[in-house]
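Enquirer: Structure provided below as structure tokens; questions to follow.
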Amino acid sequence: MTVNTTVTVRVPAKVNLQLAVGPRREDGFHDLVNVFHAVSLFDEVTVQAASSRRPSPPGGVGSAAEAFAGLTAGGALGSHLSRVPLDGSNLAARAVTLLAERTGRGLPVTVHLDKNIPVAGGMAGGSADAAAALLACDRLWGCGLPLEELLGYAADLGSDVPFALLGATAVGMGRGEVLRPMTSPGRFRWVFALSPHGLSTASVFAEYDRIRPDAPEPLLDRGLADALAGGDPAALGAALTNDLQEAALSLLPELERTLKTGAGAGALGSLVSGSGPTCAFLVGGGAERESVVAEREAAVVAALEGSGLCEQVVTAYGDVPGAAVL
Ligand code: C5P
């Protein structure tokens, strides 16, 4: 029998089409209506048996903490790469330890992250890596867990982790972890402006509490749901909203100029992605002619690149499927 000693999982970034944030709950989290949309910026996460010659002890590793044997990261992300924690605090490392703990299985693994998703950028890159690490270890260790069980472990790791397993488009409720798929007939094209800065999700939520102490209960925007169901890029662009945007702009005011630059160049919709600071621009899709979309996309990319405001400008389409073993 051949035993795999390496498993690689490809996992997408997300952008939020609607992020409605309710008041702060007693547990410190916020109830959300969070319309996640998976886009074609992918990280690849490889887990490798730390020593292929060392057999897994019966019943797995001695303690769950031993399951994580080290982490490396690479990719073409400029200064973003230096923000990736390389120790046990990385969410992908925590995913390895958590799965070993819960299943009592596993052998020590090293984790390599090949990153394309902005780091601390509001596109759930860390959450995506955690989801990929769960799936990769499940496969490497031969656990064969059902998706429902993996989704439960994912929710214990973070609010955005379950969506990275599912992908496509889904509305997240609760703190974002209770997911209901949404269907859309069309594909949409996006431009993303990466900031030279990072923002911590917790600090953006704290700023939101300061600015909006009276936040109402979050509700799904019917106009957005209709635009998605109809595959209508102009209506979708007009319906994009993010309650955290004001808080992200308050912490990094220059983002306002980035948003105006993309909108001024013809984007159909512009918003801060999640807790930021990545800015997302919808440039077309659905039934639009490919040449029309390509022209709009090129104009938005050129304006952003010429603005001197962004570390990098990248294009992607959505939606795409969630984490998958390669
Ligand atoms: O769940 P996750 O670990 O990604 O959350 C990071 C931080 O973002 C939390 O510690 C919390 O401050 C904030 N958060 C929140 N409400 C949510 C999700 C995240 O306040 N629904």
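Yeah, the Cβs are placed from backbone N, Cα and C, and that goes for glycine too.
From TrEMBL, for reference:
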ACT_SITE  Lys14  active site
DOMAIN    90-167  domain 'GHMP kinase N-terminal'
BINDING   Pro118, Val119, Ala120, Gly121, Gly122, Met123, Ala124, Gly125, Gly126, Ser127, Ala128  ATP binding site
ACT_SITE  Asp160  active site
DOMAIN    225-293  domain 'GHMP kinase C-terminal'
Enquirer: Tell me, if you would, which residue among Ala124, Ala128 (binding-site residues) has the fewest other CB atoms within 10 Å in the structure shown?
Expert: Ala124
Enquirer: Rounded to the nearest angstrom, how far is the Cα of Asp160 (active site) from the Cα of Ala124 (ATP binding site)?
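Expert: Cα of Ala124 (ATP binding site) to Cα of Asp160 (active site) measures 7 Å after rounding.
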Enquirer: Residues near the ATP site, Pro118, Val119, Ala120, Gly121, Gly122, Met123, Ala124, Gly125, Gly126, Ser127, Ala128 excluded, by Cβ within 8 Å of the Cβ center?
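Expert: Neighbours within 8 Å of the Cβ centroid, excluding Pro118, Val119, Ala120, Gly121, Gly122, Met123, Ala124, Gly125, Gly126, Ser127, Ala128: Ala13, Ile117, Gly274, Thr278.
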Enquirer: Please count the residues of the domain 'GHMP kinase N-terminal' (90-167) that DSSP assigns to helix (H, G, I), strand (E, B) and coil.
Expert: 46 helix, 7 strand, 25 coil
Enquirer: At the level of the C-alpha atoms, what whole-angstrom distance separates Ala128 (ATP binding site) and Asp160 (active site)?
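Expert: Between the alpha carbons of Ala128 (ATP binding site) and Asp160 (active site) there are 8 Å.
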Enquirer: By DSSP, how many residues in the domain 'GHMP kinase C-terminal' (225-293) are helix, how many strand, and how many coil?
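Expert: Reading the DSSP string over the domain 'GHMP kinase C-terminal' (225-293) gives 34 helix, 13 strand, 22 coil.
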Enquirer: Minimum Cβ neighbour count within 10 Å among the binding-site residues Ala120, Gly126: which residue?
Expert: Ala120
Enquirer: Write out the long-range same-chain contacts of Asp160 (active site), meaning residues 6 or more apart in sequence whose Cβ is under 8 Å from its Cβ.
Expert: Lys14, Phe36, Ala124, Ser127, Gly172, Gly176, Gly274
Enquirer: Express the predicted model's confidence over the domain 'GHMP kinase C-terminal' (225-293) as a mean pLDDT, rounded to an integer.
Expert: 97
Enquirer: For Pro118 (ATP binding site), just count the other CB atoms lying within 10 A of its CB, please.
Expert: 27
